[in-house]
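Novice: Pasting in a structure now, in structure tokens, and then I'll have a few things to ask.
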Amino acid sequence: MRLANQTLGGDFFLLGIFSQISHPGRLCLLIFSIFLMAVSWNITLILLIHIDSSLHTPMYFFINQLSLIDLTYISVTVPKMLVNQLAKDKTISVLGCGTQMYFYLQLGGAECCLLAAMAYDRYVAICHPLRYSVLMSHRVCLLLASGCWFVGSVDGFMLTPIAMSFPFCRSHEIQHFFCEVPAVLKLSCSDTSLYKIFMYLCCVIMLLIPVTVISVSYYYIILTIHKMNSVEGRKKAFTTCSSHITVVSLFYGAAIYNYMLPSSYQTPEKDMMSSFFYTILTPVLNPIIYSFRNKDVTRALKKMLSVQKPPY
């Protein structure tokens, strides 16, 4: 009997990625390990930045926000996915599905804007170092971070209620491991073309505008680095910027694939793999790419872990 015939109270069924794998138990253990690493590493980074006064700078303020987003990101999807697999129960309530969708859109929108704000921070630090403390004051950083969270919240509030209001009479089986908008829309038996146009326009704003800000910022950064006489200064600037560019490429590449490419280029399997990459792998990679190879962070970590030996 199909899962859709067992639906009670309008519940959905997350078919997930485990049905595609010959050894789901091993994949479940792997995902749980990744989840634990992502949670522990991001919490550690947040604590480091909070405790160590030398990390109280605009750059680490934004990294702190990024870690908070990544921590919430992976917590929205992975626990439910693992519980469903272990309990052999693929159901998710309509409320639970809508909650997943909202937080996913909110966090995704906030991260899009935050990565642009981080690029602007690097632009000011490298191109206008003498005015850095004024242009990137604590008040400015708070305004930028608050704006990122606000834009993400607006994105979630606009798209989620409309998506969940469509009638789902074809099936309640979601070909995904969480309630992502494109996967849920495929179940609707009504015309969703207008909503898809609206969502596409939102993606243009949330993806292409930040990408433009990042591209322009790095254009001027590269020009400034090229003019630097100090080899050490160039190396430090390139190291900082390369970390950010790596994070940007990983996140925006997967997001643009999922939300902006024509549906003819996409399949449920490819969509799940793309979403798996930037909802599960990215939160565990970001602390490594952006911070734990940074000398300031490693020094702060050693300082936090150091234990005073009692005198004998």
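Glycine is no exception: its Cβ is also placed from the backbone N, Cα and C atoms.
Relevant sequence annotations retrieved from Swiss-Prot are reproduced here:
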{"type": "TOPO_DOM", "residues": "1-25", "note": "topological domain 'Extracellular'"}
{"type": "CARBOHYD", "residues": "ASN5", "note": "N-linked glycosylation site"}
{"type": "TRANSMEM", "residues": "26-49", "note": "transmembrane segment"}
{"type": "TOPO_DOM", "residues": "50-57", "note": "topological domain 'Cytoplasmic'"}
{"type": "TRANSMEM", "residues": "58-79", "note": "transmembrane segment"}
{"type": "TOPO_DOM", "residues": "80-100", "note": "topological domain 'Extracellular'"}
{"type": "DISULFID", "residues": "CYS97-CYS189", "note": "disulfide bond"}
{"type": "TRANSMEM", "residues": "101-120", "note": "transmembrane segment"}
{"type": "TOPO_DOM", "residues": "121-139", "note": "topological domain 'Cytoplasmic'"}
{"type": "TRANSMEM", "residues": "140-158", "note": "transmembrane segment"}
{"type": "TOPO_DOM", "residues": "159-195", "note": "topological domain 'Extracellular'"}
{"type": "TRANSMEM", "residues": "196-219", "note": "transmembrane segment"}
{"type": "TOPO_DOM", "residues": "220-236", "note": "topological domain 'Cytoplasmic'"}
{"type": "TRANSMEM", "residues": "237-259", "note": "transmembrane segment"}
{"type": "TOPO_DOM", "residues": "260-272", "note": "topological domain 'Extracellular'"}
{"type": "TRANSMEM", "residues": "273-292", "note": "transmembrane segment"}
{"type": "TOPO_DOM", "residues": "293-312", "note": "topological domain 'Cytoplasmic'"}
Novice: Assess whether the transmembrane segment (273-292) lies in contact with the transmembrane segment (26-49), where contact requires at least three Cβ pairs under 8 Å among residues 6 or more apart in sequence.
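Specialist: Contact between the transmembrane segment (26-49) and the transmembrane segment (273-292): present, because at least 3 Cβ pairs are under 8 Å.
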Novice: Given the disulfide-bonded residues CYS97, CYS189, which one is most crowded in terms of C-beta atoms within 10 angstroms?
Specialist: CYS97
Novice: Quick one: mean pLDDT on the topological domain 'Cytoplasmic' (220-236)?
Specialist: 82
Novice: Taking residues 6+ outside the topological domain 'Cytoplasmic' (220-236), which of them lie with a CB under 8 Å of any CB in it?
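Specialist: Cβ under 8 Å, 6 or more out: 122-123, 126-127.
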Novice: Within the topological domain 'Cytoplasmic' (121-139), count helix residues (DSSP H, G, I), strand residues (E, B) and coil residues, in that order.
Specialist: 16 helix, 0 strand, 3 coil
Novice: Which sequence positions outside the topological domain 'Cytoplasmic' (50-57), separated from its termini by at least 6 residues, show Cβ-Cβ distances below 8 Å to it?
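Specialist: The answer is 64, 296-297, 300, 303-304.
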